[in-house]
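Here's what TrEMBL has on this protein:
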BINDING   Asn153, Asp213  Mg(2+) binding site
TRANSMEM  6-26  transmembrane segment
TRANSMEM  46-66  transmembrane segment
TRANSMEM  72-88  transmembrane segment
TRANSMEM  100-117  transmembrane segment
TRANSMEM  129-146  transmembrane segment
TRANSMEM  158-176  transmembrane segment
TRANSMEM  182-202  transmembrane segment
TRANSMEM  209-228  transmembrane segment
TRANSMEM  234-259  transmembrane segment
TRANSMEM  291-309  transmembrane segment
TRANSMEM  315-331  transmembrane segment
Amino acid sequence: MEKYIISFFVAAVISMFMTPISKKIAIKVGAIDIPKDERRIHKKPIPLLGGLAIYTATMISILIFLPMNKSLLSIIIGGTIIFISGIIDDKKNLSAKTKLIFQLLAAVVLILGDVKIDFITNPFSRTSTLLYLKGFSIPLTIFWVVGITNTLNLIDGLDGLAAGVAMIASLSLLIVANRFGYIEITIISAILAGSCLGFLPYNFNPAKIFMGDTGALFLGFMLSVVAIEGVMKSVATIAIVVPIIILGLPIFDTTFAIFRRLLNGRPIMEADKGHLHHRLLQRGLTQRQTVLILYLISAVFGFAAVIIAKINSRQGIIISGTIIILTILLARRMGLIDKSKNSSVDDKKR
């Protein structure tokens, strides 16, 4: 049996075992999301720190299945920095500035471990022409890591949403990384997917525990790393597009949120109720129905990315362009980039 398959199930079992323990710890330390106003979708107090189970399962599995090297050590240290910031935030509510400092520190650790975007391929070239970034490598890597770390966090507003989307994205990245021959990243992707799967039975509606920022930020960070190491470092012509499509749901939803807030004259970091999952709920769907629809959308993005990774650059550009156009049209249809009267704070992370 392939090592990545075994690592997937080991991570799932550890996560499933650790989640009830994480719940007890959350209750003991008072890391609980109490619905204090009408903005909360849940009606009763729910423990946070579900991300503790995901982090523990991920790190133990990585240590079991992968040999230590400089890059892997930087990933472990960077992920731990993000995890610690999430733990503190779930207990004390860190400011956006403080969380950004943690994220920048984690990104710098990655760069020191040579986990960075060194080059991109020219998608308009018939051959795999490499465009070396040189001085732009570090800022682009930081932008990508910080951006993806926060995009998953921003969509995490319903029971099971972030965990399910992260699992689907991890499986998609697994397929692509395996195709490109990146065995280490294939295993990490499998571990992330397994960690999410083990957590989901406790987090799917009605949730018994939320992953909190502890989990959402950690998963976002790890997905950004897997995308860099497993896809962006490939010389495949369309490689730069593939991770963007795989992470299409959180990336596009966050992008539309930024435009929407600018359009409404509000700070881009000010949360609102205009995300896609809010719009679906406003149309009368239940939490479960909404989450399942978003799973489907995420799976479609993932499937499209896998196809793009297998075809030539011209076909890949056509499919990618079509996806972007259809996504924008859907966003307009759903009111994701229109002026909105709703400007309330998002629900605490699931």
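Each Cβ is built from the backbone N, Cα and C atoms, and glycine gets one as well.
Here the structure is a predicted model, which means the values were calculated and not measured.
Residues 3, 6-7, 10-12, 14-15, 18-19, 21-23, 25-27, 29, 31-33, 72, 76, 79-80, 83, 86-87, 90, 163, 184, 187-188, 191-192, 194-196, 198-199, 202-203, 207-219, 222, 348-349 of the same chain lie 6 or more positions beyond the ends of the transmembrane segment (46-66) yet place their CB under 8 Å from a CB of it. Nonlocal intrachain contacts for the transmembrane segment (6-26), taken as residues 6+ away from its ends with a CB within less than 8 angstroms of a stretch CB, comprise 32, 47-54, 56-58, 60-61, 64-65, 90, 187, 190-199, 201-202, 208-209.
In this structure, Asp213 (Mg(2+) binding site) is part of a helix by DSSP. Residues 100, 103-104, 106-108, 110-111, 115-122, 221, 224-225, 227-228, 235 of the same chain sit 6 or more residues outside the transmembrane segment (129-146) yet have a Cβ under 8 Å from a Cβ within it. Contact between the transmembrane segment (315-331) and the transmembrane segment (234-259) holds: at least three of their C-beta pairs are under 8 Å, each pair 6 or more apart in sequence.
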